[in-house]
Each structure stands twice: as structure tokens, then as C-alpha cells.
Amino acid sequence: MPLGKRTDCGDARFAGVELPFAELLCGFDFVVAPLVDPSHRRPALELPPGEAVQARLRTELMLSSAQWGGQIVGRTSPWIDPDSPDADAAALSARALAQELEWASFLGLQAVLVPAPPRLGAADNFARLLNRTLQNLSHMAVWVQLPLAVPKAAAAAAAAAAEEGGEGGGEEGEGGPPRDPWEDWQRLFSLCERSALLGVALEVGADLPPAPLVRRWLGQPLKALLLPTSVFTTNKRGYPVLSRPHQELAALAFRAGVQLVLTGESRHRVAPAPTQPPPPPLPPAAAAAGGEKAAAAGSGEQEPPHQPQQQQQQPPPAEGFPIVNPGESHPLRPYWEYLAYLFRRGGDPSPHEALEAGYRDYLQAPLQPLADNLESQAYETFEKGGGGGTAAARRLLRVYAVEKNPAAVVHIQAMVAREGWGDVVTIVSADMRTWQAPSPADILVSELLGSFGDNELSPECLDGAQRFLAPGGVSIPRAYTSYLAPVTTAKLHEAVRAYKDLEHWETPYVVKLHRFHTLSPPQPVFTFEHPNRADPTDNGRALTLTFPRRAEDGAGELHGFAGYFEADLYPGVTLSTHPSTHTPSMFSWFPIFFPLREPQLLPAGAAVGVHVARVVGRHRVWYEWAVTSPTPGVVHNPGGRSYWVGL
């Protein structure tokens with residue numbers, strides 16, 4: 001499978017390269033290219049009054065729409081600064097930004113890279129103009145370029161100035177401390193109404209910030225990492241390589257589906273591969289196929305060995321667009337090959353990863369096991385005992401399988417007959433809460449756990465069924481505990497917001513979390529034990545949790561809470577979705593996500609408080625939750641008005 005088309009990376013391509021204005025096709029997965037000639041200082045599409053349009057060949061217009069849409073990311077002019085203190089320069093920048101983005105939309109680009117103004121923390125006009133453009137876009141994304149971290153030199157200079165008595169709090173470059181790029185991004189994202197079409201591209205420097213400051217970007221719409229050639233070092237053979245921390249960053253990007261973009265000129269002199277003789281001239285009829293061949297070259301696919309790849313020259317412009325695929329001779333090719341090596345080193349996705357890939361960051365409503373009859377696939381993971389056992393053991397064993405779903409009863413009957421357990425298993429079509437067992441049981445086995453442990457009414461069901469147990473009988477599971485953790489996940493926040501109603505903000509979702517960041521480790525919430533010896537029985541719960549955060553982990557953003565569970569099935573046997581104790585190769589349960597209607601920006605070191613309640617009514621059970629600190633928020637789902645589980 002071509003590197004640029006791995007299915008586990010979603011729609012993200014593998015790696016691209018930033019190129020000059022005149023060079024577009026070079027054998028990489030995709031390219032980042034200026035939208036206009038960098039020599040233009042006035043809006044490129046603006047003509048002086050009375051000036052006639054000069055007829056000239058614009059080679060970029062000879063590309064197909066598929067090439068523009070799938071292989072090219074545009075880049076706006078770096079001089080644009082709508083918040084410039086020079087009023088004329090600001091007005092010129094505003095017109096240029098609008099026109100270049102309009103040009104990119106006309107070309108059908110998937111994305112445009114926009115360098116951030118020098119004072120992004122105060123770039124209100126830039127944010128206003130960008131937001132206005134985003135309102136009129138239907139599919140094209142806008143990536144704002146920011147540094148991954150404040151350069152150490154700038155931070156050291158600011159610290160030295162502070163020691164000398166300088167005042168802080170100003171903008172970078174105006175005597176104040178350097179601003180955190182993450183906070184600048186949050187300000188811009190908020191001013192642009194958290195548009196689903198707005199993303200961020202981070203420029204990677206030689207010095208990387210601590211891991212928590214990197215991982216917090218995974219919860220944001222991070223689209224690309226810009227890797228300058230200056231961050232590469234040289235190995236013993238003279239080839240460009242990355243340091244170990246940079247390799248780990250690249251691997252993190254690959255796993256998250258974040259694209260890599262090489263920037264800058266080659267800094268390594270690597271002998272090119274021997275060139276092959278040029279191919280014979282193509283007949284005119286073959287010239288039309290040039291565009292298709294360019295698309296294959298741009299996607300990273302290799303041509304058959306008998307077709308020379310280097311120095312291929314197509315017919316002149318009069319007969320078609322001239323395509324040059326320098327292949328191995330391109331000066332940036334060694335860098336791309338190294339990134340390809342890092343990508344391949346990650347290996348193909350395991351069957352487990354391939355199975356769950358389609359569920360990543362996909363919202364699913366939790367099951368209603370008592371109110372609804374489940375589909376057949378929910379029963380296909382039914383665990384059967386190993387082997388048939390001895391005849392003596394089978395005579396001593398009697399199993400009652402109680403199932404309320406009539407359709408499932410037929411399915412289970414066929415399964416029991418196929419496995420030869422008909423003389424041992426008695427299938428009962430009934431609700432376990434009302435069925436009367438013929439005799440007390442020594443073991444009560446159930447599978448009623450939900451993604452939050454108790455969210456599929458396991459406590460209520462097992463409390464009603466424990467009357468089946470003989471004195472000293474065993475319940476499997478015998479206990480389970482739910483857990484919560486505050487998370488950043490802009491992708492899920494946008495997915496819930498897209499419904500545009502209150503009900504979805506007050507519904508917890510089962511979801512395979514992928515693009516998210518945990519702000520503080522999970523903490524235990526509710527614990528239930530079986531058999532339940534409490535008298536009277538009350539499965540309602542409520543508590544307030546406080547999640548500490550380290551100041552060195554920087555500022556954060558809270559979008560909701562991820563829920564997990566740990567189950568004690570039998571002494572020494574556990575089942576867990578908790579990240580630190582997750583049962584290996586177990587994907588029957590995904591985490592649960594409790595969204596927040598309004599995300600909260602968290603200052604560095606600010607703790608997160610949440611109040612969560614499990615409320616039991618006469619005919620239903622529901623959850624209520626609310627942020628209590630650092631800024632109190634609204635109570636979600638009061639009285640179960642939007643979501644509940646029916647008894």
C-alpha cells in the first residue's frame with residue numbers, strides 16, 4: 001500500500017514538502033506551494049485601473065482539479081499582516097489575504113497554510129478577516145502556522161530581561177515575555193468561533209518542549225508538523241537523520257494521522273542515484289496522459305522497474321503540461337526517504353487496530369439493554385467453556401441461561417446444540433428480574449457491564465437477580481469501579497456541536513478516543529459490589545472530584561471527561577478499560593465521553609473540579625455532571641431531561 005494512503009491515518013497523507021513558486025511536481029506525496037509569486041507585494045489578482053490583462057501561460061492552471069485538490073496545499077504570502085501599525089500596509093494585507101484565500105478556494109484546494117502575523121496575540125483584525133472567510137468556505141481548510149514552542153533563545157532573553165527589572169506582560173518583541181503559542185492559538189480559535197475548517201500547523205524547532213506540552217496539541221485540530229531541514233543531523237554515512245526526541249515526535253504524528261511537511265533547502269550533500277537514459281519522445285496521443293502520471297508520482301507510488309523515473313521530460317506546453325519527476329535526484333529526496341523509513345518502522349496496523357480504526361472518535365449512544373433488544377452481533381462474542389469436560393463433571397453441572405430477547409433465544413439454542421451442551425444448559429426465555437429459579441445457584445455469571453461500568457444497569461439487574469444465589473454463592477463480576485479523567489478533544493466537541501441541540505450536549509457517548517489529551521490521570525468514581533448486602537438498597541451516587549494539574553504542563557483546554565471501568569471478576573481475574581491497566585487485546589468496550597456545552601480554558605497549574613451524580617428514578621437511571629472549578633459551569637442533564645437508561 002502506498003505510504004500516502006494508509007487507511008489508519010484517515011484522509012491524511014504521509015509527508016509533503018514545501019517548494020518554491022515555480023516548482024510543483026517532484027515525486028513527493030504532496031507539496032506546499034505559494035499561491036502567488038512571492039515578488040508580488042500588492043494583491044496578486046488586482047490590476048491597476050485601465051490596465052489590460054496580459055495574455056500569458058500560467059502553468060499552474062494546466063494542473064487538473066484532482067491534482068490541486070489531492071496533492072497541493074497552498075500557502076499565503078508571508079508578508080501579510082492586517083494588524084500592521086502602518087495603516088496602508090494593514091489595508092493592503094487585508095485585501096491580499098482575502099484575494100489569496102479566494103484564489104485557493106477557486107482552485108479547489110483541500111487546505112491553505114497561512115503564516116501567523118508577528119503579533120498573533122493581538123491580531124484582532126487578522127482573526128476577524130479569517131473568520132469572515134471561514135464563514136464562506138464549504139470544504140477548504142485553513143491551517144495557521146505557529147511554532148511548536150517558544151525558542152529557547154527568546155525565552156532566555158526574556159528571563160534575562162526580567163532579572164534586570166524589565167516589565168512583563170507585553171507582546172513578544174515589545175519588551176514582554178514570549179507568548180505561549182498554544183495560548184495564541186486558543187485566542188484565535190475562539191475568535192473564529194472554533195470553526196471546523198480551521199486547523200493549526202506547527203513548526204518544529206531544534207529544541208523540543210517537554211512531552212506534556214507537545215501532547216496537549218493532540219486534542220486540538222493539529223493538521224501538520226513543519227520539519228525544517230535544519231533540525232536534521234548527519235549520520236556516519238552522511239545522510240540526514242533526526243534525533244531520538246524528533247523521531248518520537250514523528251512517530252506520534254504518524255499514529256495521530258498528522259501530516260509532515262519538509263521545509264527549507266537541502267543541507268546534506270548526498271550522491272544522487274545514477275540517472276538513466278531519457279525515454280524516447282512520446283507521441284502526441286500520449287501527452288494527454290501526463291497529468292495522470294503526475295498524480296501517481298505525487299502520491300508516492302513507485303513506477304514499474306522497467307520505466308525510468310529520473311529526468312523524464314514530457315512534450316512542450318503546447319502539447320500538454322510539462323512534468324518533470326526528478327525522483328532520486330531531488331535534493332530533498334534523502335529527507336523524504338528517511339521519513340519513509342520512520343513511517344515503515346511503525347509497521348502495519350494489527351488486526352485489533354484495523355478493527356477499531358473505523359470507530360476512532362466516532363460518537364455512539366450507549367446501549368439500552370433492558371429497554372431494547374440487541375442485535376445478533378452483540379451475542380457473537382459469547383464466551384464458551386473450553387472443551388466438553390468429563391462425563392462425571394457434566395452430570396454435576398446444571399446451567400440456566402436466562403435471556404429476555406426472543407430472537408436471541410433462537411440464536412443461543414443453535415449455539416448450544418452446535419457445541420453439544422444440550423444436556424447441561426437450559427435456555428430460559430424470561431427477564432432475570434422476574435424469573436423464579438428452580439433452585440439456588442452456586443455461581444451467578446452476568447455480562448451487564450457498560451463503558452462506565454454501571455451505565456447499562458448492572459447494579460439494578462444484579463441486585464434483582466442475587467436472590468438466585470445460595471448462601472455463600474459467588475457473583476461474577478463481584479465488583480467494579482468507574483473512573484473519570486478530564487480531557488481535551490476538539491474533534492469530539494465539534495462532532496457534538498454539529499447536532500445543534502441541547503440533547504446531544506447532555507448525552508454521554510461510547511467512543512474510541514483517538515485525537516485527545518488527558519489533562520490529569522483518571523480517578524475512581526463509583527464502586528458497586530455483588531452480592532449487595534446493603535439494606536436498604538440504594539444505587540444512587542454523587543461526589544465531587546478534584547484533578548490536580550502541574551504548572552509545568554502549561555495551559556490547557558477542557559472539553560469533557562473520559563470514563564473507564566475496572567471490574568473484579570473473581571479473585572485474581574480482572575477486566576479493565578482504564579488506560580494504565582487496560583486488558584490486553586480487549587476491544588469489547590470503548591471509553592465513555594461526557595461532553596461539556598462550553599469548553600473551559602485552564603491556566604497553567606489550575607486544578608479541575610467536577611461534580612457527578614448517578615440518579616436512580618422509579619423507571620429510569622441517568623447521570624448529571626457539572627464543572628465546579630476553576631470556573632463553575634452549568635449542570636448537564638438535570639432530572640434526566642435529555643438522556644436516561646430505562647429500567
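Cβ coordinates are placed from backbone N, Cα and C, and glycine is handled just like the others.
Annotation source TrEMBL lists region 'Disordered' at 160-182 (among others).
Residues or ranges marked as compositional bias 'Acidic residues' in TrEMBL: 164-174.
The feature region 'Disordered' is assigned by TrEMBL to 267-326 (among others).
If you look up TrEMBL, you'll see 274-284 marked as compositional bias 'Pro residues'.
TrEMBL lists 285-313 with the feature compositional bias 'Low complexity'.
Summarising the annotation, TrEMBL assigns domain 'PRMT5 arginine-N-methyltransferase' to 352-384 (among others). Here the domain 'PRMT5 arginine-N-methyltransferase' (352-384) returns a mean pLDDT of 72 for the predicted model.
Summarising the annotation, TrEMBL assigns domain 'PRMT5 arginine-N-methyltransferase' to 395-476 (among others).
For E447 (active site, proton donor/acceptor), the count of additional Cβ atoms within 10 Å of its Cβ stands at 15 [all protein chains shown]. The active site, proton donor/acceptor annotation in TrEMBL covers E447 (among others).
The active site, proton donor/acceptor annotation in TrEMBL covers E456 (among others). Non-local contacts of E456 (active site, proton donor/acceptor) by the CB criterion (under 8 A, 6+ apart in sequence, same chain) comprise P366, L367, P369, L448, L449, G450, V645.
Annotation comment: TrEMBL describes 480-645 as domain 'PRMT5 oligomerisation'.
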**Three-state composition of the domain 'PRMT5 arginine-N-methyltransferase' (395-476), taking helix and strand from DSSP** = 27 helix, 25 strand, 30 coil
